[in-house]
Structure formats: C-alpha cells, structure tokens
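Q: Pasting in a structure now, in structure tokens, and then I'll have a few things to ask.
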Amino acid sequence: MKFSESWVREWVNPAISTAQLCDQITMLGLEVDGVEKVAGDFSGVVVGEVVECAQHPDADKLRVTKVNVGGDRLLDIVCGAPNCRQGLKVACATEGAVLPGDFKIKKTKLRGQPSEGMLCSFSELGIDVESSGIIELPQNAPVGTNLRDYLTLDDNTVEISLTPNRADCLSIAGIAREIGVVNKLAVNTPHFESVKATITDKVDIQLHAPEACPRYLLRVVKNVNVQAPSPMWLQEKLRRCGIRSIDPVVDVTNYILLELGQPMHAFDAAKVAQPVQVRMAKSGEALVLLDGSTAKLKDNTLLIADQNGPLAMAGIFGGQASGVNAETKDIILEAAFFAPLAIAGRARQYGLHTDSSHRFERGVDFELQRQAMERATALLVEICGGEVGDICEVASDAFLPKLNQVSLRREKLDALLGHHIETETVTDILTRLGLQVSYANDVWQVTSASWRFDIEIEEDLVEEIARIYGYNSIPNKAPLAHLRMREHKEADLDLARIKTALVDADYQEAITYSFVDPKIQSVLHPQQDALVLPNPISVEMSAMRLSLLSGLLGAVQYNQNRQQTRVRLFETGLRFIPDTQAEFGVRQEFVLAAVMTGNKKAEHWAGKAESVDFFDLKGDLESILSLTGTRNLVKFVAKSYPALHPGQSAAIMLNGEEIGFIGTLHPNAAKQLGLNGKTVVFEILWQAIATRQVVQAKEISRFPANRRDLAIVVAESVAASDVLDACREVAGETLTQVNLFDVYQGNGVAEGHKSLAISLIIQDNEKTLEEDDINAVVSVVLSELKQRFNAYLRD
C-alpha cells in the first residue's frame, strides 16, 4: 500500500523525521518497502495568473503571454502549451528558478519575443501526473505563492507491505492509529458534519444472503454535477497513494477507501430497477464489468442485483450498465460489510484483483459503514452539489462478527517475552490500541476492537504488547534452562541413515509439494477421496496428497521431458488421508517413498543395458529393511492396486498389518501421466520400520558349517518367502541360514508348478555335527514343507 506522509501527519504528527517515522512503522510490523518524493527538486516556481494571451506573430504553436506572479509588473512569457489561455492559474518558473535536472530559468527571446520565465507542466516539475499541457491550478489559488507550499510538495510517498492479518492498516486512519499509539499521541480524526436529508427518496433493499453480507447501506443523492472538477487537494492525495483522478464521484469513493479503509461504490440511480437485492449468483448469469469485459458468473459469487439482473460483483467490481458516466444526474451510494470468506478467492477466479476485494477479503471494520457513508456524502455534496436522502440500511445482527473475548495471564506474558513489563504499562498499551481492558488476579480480560479481526488468542495480545512496548526495549538475556541430554535408544533408527543408504544406492532425494493436481491423484488413487482445499494456490495444487507418488512421478515426467531416462528418486513426508475418526477429520502419516525408471545401470561398454524391474526396487527396499529391526518380519504379499500392474504388485505386511505397497506402474496409468518405459514404485510407513535391530555379539563357531541344497517343487502360487519362513520355524537353532538361489519352471516341472532351489546352512556351536544330525534337520524341513505346501523334491 502507498500513502502520503503529509496526509498521515494531518491525523497524527510526531516530532520525528521521515526516516525515523519509517523505521517506527517497520518496527510496528508494517514493513516499509520504499520512500519516494512526490515531486522533483525545484525552486523559484510560484502561482501565476495569465492576464493576457496572444498568438505569437512568427510561430503558429507559440503564444505570447503576460503573467501576474504578484510582483511589481507583469512578466512576458512565451508558451507553447495548447491549453494556455487568459485567466488561467498556472505554475510559473521565474528568472533564477532551478527545475529538476539542474535546468535554470533565464531571460531569453523565443522567435524574437522576450520570455522572462516558463509556464510549467507536471512532468517538467518531476510530478508523476498524466497530462498534456501546462498545469491548471484552481481559480482560488493565491497569486505569488510558492508552488511547493501551495501543493504541499515537500512530501513523500511511503510504500508498505502488510501481512494479511493487518487489514486495519490498509487506510490512513489505520496507519495513523498505529503511529499515535506508539508515540502516545491523540489521533486528529477529521471533523465533518453529517448531511441532513433534504429529499424523501429511499432505496428498497432485499438482503437474501445475510451470512455473506450482514450489513448493507444505500443512499440516494440527486442532481449531482458529475462534470464538476475534483479539487486539486483531492487529486493530489489520490495521486500520492497511487490512484489517478477519474471523476468526482469515483474520486470521492476512492478517497474514502484510502482514508477510512471502507470500499464504496456508486450506481447511476436511473439505471437501477428497485428493489436492490444482495444475493448469490445464479447459474448462467453474466455481468459486463466497468472495464468492458464480461464475467460468466459462478454460483459462489455474491451479487448486487436489481429486478433486471446483476448490477455488480459484490465487493469486487461494478457493472458497466449501472455505472456512473457523464450523463448521470442521480446516484446511489453503497457502503457494505461483506464477510471475508464470501469475497476471498472470488476475484482471482475471474482473473481480477481490485483495491476493494483486497480489503474485503482481509476484513473491513464492520462498524465503519455509516461513518463512511456520511463522510462520502459530505464530500460529494461539497464538490458536486446535490440533494440527499436518508441512509437506507439493512443488517443481520446474527451474522455480524462478534468482538473476541481474550484472557491474558501475567505468567504467559512474562514467559513469552522473557521480560517483566509493569501491569500499568501493559494495561495502558492495550487501552491505547482501542481494546477494552480489565485486570484482576494477574489476568487481563480483553475485548477486541471492531477493526481488529486478528485478536483471537492469548499470543496475539503478547505480540501487540511487544510491538508497542518496543522490541529494542526488551533486554537481551541468555536463556536460563535446565538442560537434559537427549534420550537416544540404541534401537532407534535415524531417518538420515536410511536417506544415506538410498543416496549410496544411486537415488536422489526429492522434495515435492503437499498440494497436488486432483486429476493426477485420481489416476493413482481412483477409489479414494482426497482433502480438497477451499482456497488453493491454483487448480493444479488444489488437493492434499494421498501419497508421495503424485509428486515423485511428476518429477520423473519432468526429468524424462528433458532427456533424463534413468531416474531414481526418493522422498519422505506426510500424506493426508481423510478420516472421520481422526482429529480435524484427516489422518497425517509420515511415509518413505521411492521410484525408479530407465536402465538398471548407467551405460557401459562391458555390459548390455537392462531395464529396471520389480525385483530391482524390491532388492533396494530389502536393503533398507536390513538396517531396521523388521527385515525378517516383513512379508511381501501379492495384491492388486488400481495404479499398479496386477501381476507385479504386492502389499508390504508387518505382523499381519499392511504398512505399504510396492509394484510396477500400470501401463494405462503411465500413459495418462505421460511417462515413458517401466516405472517401479514403493511407499511405506516410516513409523512401522523406525527401529533397528540391536547387534547381538556372538562367538564365531569353532565347528564346521554344513551346506545342503534342496530343489523342491511347489505350486506356482506359493510364495518363496513363505517357504523360507517355514524352514526357519522348524529347523531349530542349528539352521543358521536359509537362502533362495534359483527359481525354475519348464521341462521336468509340472505345469502350474515351480522349482525352488534353497540352501540350508547347518552348524552347531558346541560340536561337529554328524551326518545323522544334518539329515535329521533336512528331514524335518522336508516334512514340514510337504505338509504345509504339498512340496516334494525335484527329480
């Protein structure tokens, strides 16, 4: 927001420099982005009056003038401006004046005619105003007055950045209020008399959406002269705040917006078919806006309408059909309180952003509308004349915001600030902020002001006290606390260890947004509802992720589109699962996910390129699990998932509970996501594997180990892991290792069956095993496999 320093100082004028004022504003939390002078550096320019104006005898585009600058005689000045004429009040640079760029004014002759000065335009004085010709000053401008004094040009435009919670400072009144509080100065609110009604005209209002518009005011002003020029002081104040002058009606509403922070609008009364309705848009309605564009309205948009249809998008943009123009005689002024949630995001969905919507979506003082209406009426009648009707107001108290009641404990205040502030000082600060305060038993009971939507909790009050007390007034003290050693169990597994292992395995870590495209997510999780954001950054980031795969696969596509065919990525983060049983209706789970695509190894002359498959990623996952305490407990059970290949996917099970999934991306899903080649993915709950197996040191056996290889035939549906688990369960402690080293299907093996080659390592720590001992272990294993899986030895 931009504002004029001199305008703020009309309200409150602390005895400090511009630099000090800007520093003070920044420390209040209203960060100053820049300060610019409102005019260039010049001197010797005064208010003049063109007494005579005649055509130059030797130049068609020049005029010879005599100008009164309040001296002993009239000055002869040659001027080329097309708007130069007799009786005009002008900005006259006299002999010796210095204009921006160190341009000095001297007596000279132009085409043979003497010229003792220069009639200046805005641009020649370094003033940013779009105009052609010289400056036209009001007729009551006093001749001979220094122009810098007359237009208050020794002023600065200050630009500040506001956080969304400080909508109360989007006005001169709000900024002045803050400066007054910190300097302990009273704010000089401009005095104006309420305009009494002189006509009986009223407007019938129908409030059909009170939850979106709890308060709505209209007022008729008839016989308005919209051709009247806006006074120079009004134009200058608008200009210094970054708004150009348009016509007196628009200028007045913009002035109220800047001064009080209340957006207003004016309708041409002749173009409004009463009653005026405040309602939600209907499907199929359209509105031609003031800029000539047509908005196709959505049913979530609040409208101002009449009997013939929409008049304006409430709080955002007016309609062309009901707008004020040069032929307008009677107007209807509007001031309203629109609920922030009814306006937030609506302007963006139509590609709009206005000063009005910027304020309404952050929150406008809900007690300001009548004051703003009175102030605007007074200014309008002063500038344009007119006859005024009564203010017509419709309000719904049930939907108006309620003032927040907040308790602040002395203990909490001291703990957060680390400094004790006297009770009287705290009470004084809160009172000066416009809050209602009472104190008893070391607790302040505070009622927020109507303009402070952001005062909701105890910490908000602590922040306010710290701002006004001054951060620099809080002494620096080293924290005093009892330190405790961080408890770290030997069984705890650090996530960084897993990340390092994945990086060592040629993966790269990715960090993607938690907000994802719902269309992409529906490809991966078609049967699962996601948490949809009501006010997203964009349509492509409007849903919370159900898994990390949406972001990771998007990263794979990004790399493939840039000729990176071999991609291995992993990510850790939260996924968000809608759950009515969880807090706030969403379950947040921390997971580890990885994807791989392309060749198994980088291109090399000694080897043939092979594409990755399910078992490559499974092997990497098993390597990760080997660092945890769950490696021998985790099982991979065949299971189908909508986005995965039905023959190449599995659930990751731990103690009978599914903790993740792994598989090859379904070709149809890969096509929809724009991916090339085979892509393999996994995702697993981190907390389920976040412990590691504590190493148990054992003496190496002095006795020889014995290996026995078995080739057993089982049904094709039997999982090899189940076979290995069965061996471990029945063989006893002498079976130290069991491994699968070959799988065969073909000649010699019945159809629908497969041959599993497994090795048994049998060893005793107490003695050398005899052949009978070894055969006994093998016999027990074969018997169990036959009973459980109907397995038999392959011939």
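Placement of Cβ uses the backbone N, Cα and C atoms for every residue, glycine included.
These numbers come from a predicted model, not from an experiment.
Pulled the feature table from Swiss-Prot, pasting it below:
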DOMAIN    39-148  domain 'tRNA-binding'
DOMAIN    401-476  domain 'B5'
BINDING   D454, D460, E463, E464  Mg(2+) binding site
DOMAIN    701-794  domain 'FDX-ACB'
Q: Using all protein chains in view, find how many other C-beta atoms are within 10 Å of the C-beta of E463 (Mg(2+) binding site).
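A: Its Cβ has 17 other Cβ atoms within 10 Å.
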Q: Helix, strand or coil for E464 (Mg(2+) binding site)? Use DSSP.
A: helix
Q: Mean pLDDT over the domain 'FDX-ACB' (701-794): what is the value?
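A: Mean per-residue confidence for the domain 'FDX-ACB' (701-794): 93 out of 100.
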Q: Would you say which of the binding-site residues D454, D460, E464 has the most Cβ atoms within 10 Å of its own Cβ?
A: E464
Q: Residues other than D454, D460, E463, E464 within 8 Å, Cβ to Cβ centroid, of the Mg(2+) site?
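A: The surrounding set, listed in chain order, is N165, R452, I455, E459, L461, V462.
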